[in-house]
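Chemist: What TrEMBL shows for this protein is this:
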type	residues	note
ACT_SITE	A:324	active site, proton donor
DOMAIN	A:24-259	domain 'Orn/DAP/Arg decarboxylase 2 N-terminal'
MOD_RES	A:47	N6-(pyridoxal phosphate)lysine
């Protein structure tokens with residue numbers, strides 16, 4: 001928790017659940033990544049948190065932006081981003097979205113299939129395009145691989161055709177999975193994509209760029225490697241494969257930029273035992289999987305939780321949300337322990353929840369309003 | 001699809017994704033359940049779909065209401081429900097919510113733990129309360145059991161204390177799980193709860209009610225037993241255990257009342273193959289798990305899908321949503337087949353999506369707005 005957030009919580013005691021985020025920390029994280037990878041252009045993954053306060057701060061830092069939808073393109077433009085600084089990075093786009101983005105000056109698009117390439121050729125002619133390759137997601141707490149990316153063979157064919165279709169075959173991309181905790185994942189993916197890059201270049205395709213995706217982790221319960229370690233590993237792999245002829249490099253961080261900048265303030269609604277002698281207490285919070293904490297699905301992302309009783313005796317707990325939905329359980333199998341003194345009405349904080357929380361919140365599931373948001 | 005919905009879609013071609021629901025079908029379902037279980041009072045589970053048009057129609061039919069939050073209590077009152085017709089059925093309630101509901105005249109509350117019972121005694125004194133017992137959820141496609149309900153022993157203790165605390169120990173409840181496809185689940189649960197009911201009555205606790213919960217299924221891909229079969233099985237079990245001294249009976253249907261009254265109109269955004277020879281096509285729709293179809297988690301609820309090419313040659317597909325989230329996959333393991341002619345821009349319908357869709361939709365994940373809703 002940053003001092004600014006601590007002061008805000010103490011002074012305002014805002015109604016819960018709410019997200020409180022320190023925009024200065026966003027800037028610090030952005031600068032840390034820029035220092036760790038000075039040769040890469042940073043495209044902030046807007047989906048991690050599209051708050052105007054964040055986008056405006058990043059525009060001021062000359063960030064680029066990775067948009068998942070025409071609505072996110074618009075949010076970036078509204079925050080002052082130039083269209084040239086925006087990549088439409090979703091490989092699944094409606095024709096109407098492609099056309100609108102193209103009209104507004106966006107000229108960089110992702111794809112991973114023939115149909116999408118043909119849509120881009122028809123509705124965003126002349127644009128720079130990059131093809132997403134499927135790579136291993138081992139080591140990622142929130143993997144992506146089954147849904148996105150194509151094979152080396154298919155990418156080769158499609159990138160070769162792109163110029164014929166009137167598009168600019170600009171580069172290749174991959175994504176090693178979100179909350180990726182190993183640097184090796186990037187090294188292996190770079191090796192795979194570099195071979196294709198060389199093959200295509202030798203075949204006469206004018207490739208200039210490799211998009212390394214995002215996935216850089218935030219610290220939750222467990223330690224993760226620092227951003228410098230990722231920067232070093234990536235540069236080592238790039239140099240190994242490309243020598244001095246480095247292509248342009250893009251990265252698309254989301255979680256790393258905003259994750260540890262925010263926290264969710266919540267309230268304990270109920271503490272119960274199934275039976276008098278059951279050692280496990282069920283702790284029900286006023287936010288759950290459908291109130292924004294969607295990444296606790298499968299207990300994937302394990303948030304740190306602070307309580308007013310920290311330092312006193314602890315016992316095992318299962319932690320759940322406030323809805324009548326049986327799937328609204330945050331942690332039951334993971335070994336969470338919370339103070340025995342915890343009770344209904346206590347305020348708690350879920351740390352490092354600045355990314356992938358506010359936008360996941362349901363509109364009104366069980367009647368509960370989406371969580372409030374404060375940007376400091 | 002009802003004729004009214006078909007006419008609306010043909011005339012208006014509404015922008016997708018959207019939910020279109022025929023309120024007359026809601027009324028038909030309500031009447032069918034009332035005929036199948038004439039001795040039970042129907043408490044509509046508002047969380048299934050809290051649209052004012054639905055609540056108002058049900059108020060006109062003298063329905064009762066099961067509310068999951070103070071916001072849902074308010075929605076019922078706004079639709080014209082009397083406070084006496086409302087049960088606050090969530091066993092996890094903030095003190096502020098209990099107090100507000102009590103002030104507005106709600107006098108019936110669920111609980112399943114000591115702490116909640118004490119909160120009710122303090123903030124809704126004199127209210128009728130019922131204790132939720134944990135029962136088997138086998139046979140349910142969307143089970144609930146781990147999160148809710150207490151043991152027979154614990155329920156016995158708490159119900160005995162309720163009167164001492166100034167509350168009215170009105171009854172017992174259970175829930176066999178949502179989309180429950182077997183009538184046996186109700187019979188087994190009734191047997192278990194009836195024993196406790198008798199024990200408590202003999203011990204001098206003035207119990208009068210059994211709340212049978214909800215769970216009655218909607219037809220998705222597979223056939224399900226008709227509502228009359230559930231009614232018959234329930235009455236047989238109740239008579240077996242209580243003879244002529246039947247307690248009051250409550251049911252809390254949600255899905256059964258609104259599920260098949262609505263459909264989601266969606267658009268195909270992309271059809272792609274991972275590789276030229278891959279027989280499986282990936283079909284991406286403009287609605288996915290975070291746009292409202294949350295119950296496809298684990299491929300639990302399997303919606304029927306109609307396309308403009310139905311009747312032509314089919315092939316295997318995986319089906320996913322439009323976001324950049326790797327978890328936004330509807331069906332990959334389930335054997336779905338769709339026409340080979342399906343392509344980007346085609347309009348499709350997901351049938352029987354009137355329940356548990358509109359409210360699950362995220363506020364703006366990946367920038368996508370929640371689905372529009374039309375009530376006919």
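Cβ coordinates are placed from backbone N, Cα and C, and glycine is handled just like the others.
Nobody curates TrEMBL annotations by hand; they come from automatic prediction.
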Chemist: Using the alpha carbons only, what distance in Å do you get between the residue listed as 'active site, proton donor' and residue A:47 (N6-(pyridoxal phosphate)lysine) once rounded?
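Modeler: Rounded to a whole number, the Cα-Cα distance is 28 Å.
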Chemist: Near the Cβ of residue A:47 (N6-(pyridoxal phosphate)lysine), how many other Cβ atoms are there if near means within 10 Å?
Modeler: 27
Chemist: Can you check how the pLDDT averages out over the domain 'Orn/DAP/Arg decarboxylase 2 N-terminal' (A:24-259)?
Modeler: 96
Chemist: Have a look around the residue listed as 'active site, proton donor' and count the other CB atoms within 10 A of its CB, chains all included.
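Modeler: Here the count is 28.
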